[in-house]
Amino acid sequence: MTTIYNFSAGPAVLPKEVLQQAAAEMLDWHGSGMSVMEMSHRGPEFMSILAAAQSDLRELLAVPDNYKILFLQGGGLGENAIVPMNLMGRKPQPATADFVHTGSWTGKSIKEAKKYGKVNIAASGEAGGYTCVPARDSWKLTPDAAYVHLCTNETIDGVEYQFAPDVASETGGAPIVADMSSHILSRVIDVSRYGVIFGGAQKNIGPAGLTIVIVREDLLGHALPICPSAFDWKIVADNDSMYNTPPTYAIYIAGLVFQWLKQQGGVAAMEQKNIAKSSLLYDYLDSTDFYENRVEKGSRSRMNVPFYLKDENLNAAFLAEAKANGLLQLKGHKSVGGMRASIYNAMPIEGVQALVSFMQDFAKRNS
Ligand code: PMP
């Protein structure tokens, strides 16, 4: 039987062990007689699931005590509005937020933030076709910015920050807000370098529907009056993510993924695996003229690897044959075309090996 490897950008592959455990617990969670989906979010069973998920995530990312971990709904795009509604109020109105425009997802964030305040594009990768993170010394920051927004991994363009920038001295202490939707938990980060970290769960954490927000406590309590209460981080934090009904089943699966990550050796061990997996693929791409990746080497994503066949007429055959070989969902995002291999934590190195050998074989047969 062909082994299946799923390269979807999200919703994406989950660890098999997690899905097996969830299946085993589907009808009766820990002898409670209930599925997790059927439990009151305020009952002791679900409260214990939530508390474990929060504390495991805190441990995995070494989140300092002065940060809250919030489990919300609304997704990454929801946060594009929720962030300015929570942070523009830090400064006299109209306030300005700075953005480093690295690709599709910051593009969307910029458009949305303009509804709530002024936007300054501090730097942009547009001229180069979004193939790099603009050098830190080229950023033109606002002296009293309400915050500085970065997308630290551009899922579509395959551009990832390989450094945690410092912006405080040029902005009067503005916090960095990082959209880490597609690489959270894939590499070791120093949470204290950021004011807010957010991400939809459906790539490297769990099912769609859960949005994670990690926010420094002094950034709570500045929401604009128009901010819906269910998205006012202070209200959510004061109610320990229980102001409204949280996405309970998604939190449960995320909790299982956090336990799985701990069993794998935590984020540092995952990072080593992710370096090995992504190097395997990039090394092959760099060794052949049949395919190409257009991102500058210092900005290449370890999670999302876009690549193009030099002869785009072969795209349909490539995808069909890949699928027949068990290599699923390799089609690039419609806005950029080509192919994309998303190789999140749950993708084993064997999946990348299988992809590379298929690509070698396809190239040999079609050269
Ligand atoms: N930010 C990034 C980096 C993403 O990859 C995505 C989804 N692909 C989003 C935001 C939007 O997330 P959602 O669909 O959950 O709103």
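Cβ coordinates come from backbone N, Cα and C, glycine included.
As annotated by TrEMBL, domain 'Aminotransferase class V' applies to 4-355. Sequence annotations record features per position, and here TrEMBL assigns L-glutamate binding site to ARG42. Residues annotated as pyridoxal 5'-phosphate binding site in TrEMBL: TRP105, THR155, ASP179, GLN202, ASN244, THR245. Here TrEMBL flags LYS203 as N6-(pyridoxal phosphate)lysine.
Mapped onto this structure are the features recorded in TrEMBL.
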residue: ARG42; record: L-glutamate binding site; Cβ within 10 Å: 9
residue: TRP105; record: pyridoxal 5'-phosphate binding site; Cβ within 10 Å: 22
residue: THR155; record: pyridoxal 5'-phosphate binding site; Cβ within 10 Å: 26
residue: ASP179; record: pyridoxal 5'-phosphate binding site; Cβ within 10 Å: 27
residue: GLN202; record: pyridoxal 5'-phosphate binding site; Cβ within 10 Å: 23
residue: LYS203; record: N6-(pyridoxal phosphate)lysine; Cβ within 10 Å: 30
residue: ASN244; record: pyridoxal 5'-phosphate binding site; Cβ within 10 Å: 15
residue: THR245; record: pyridoxal 5'-phosphate binding site; Cβ within 10 Å: 11
Inter-residue C-alpha distance, ASP179 (pyridoxal 5'-phosphate binding site) and the residue listed as 'L-glutamate binding site' (nearest angstrom): 29
Secondary structure at the residue listed as 'N6-(pyridoxal phosphate)lysine', reduced by DSSP to three states: coil
Mean of pLDDT values spanning the domain 'Aminotransferase class V' (4-355): 98
Spatial separation of the residue listed as 'L-glutamate binding site' from THR245 (pyridoxal 5'-phosphate binding site) - C-alpha basis, Å: 9
Residue from TRP105, GLN202, LYS203 whose C-alpha is spatially nearest that of ARG42 (L-glutamate binding site), among the recorded positions: GLN202
Where ASN244 (pyridoxal 5'-phosphate binding site) falls in three-state DSSP terms: coil
Site diameter for pyridoxal 5'-phosphate, Å, by largest Cα distance between TRP105, THR155, ASP179, GLN202, ASN244, THR245: 30
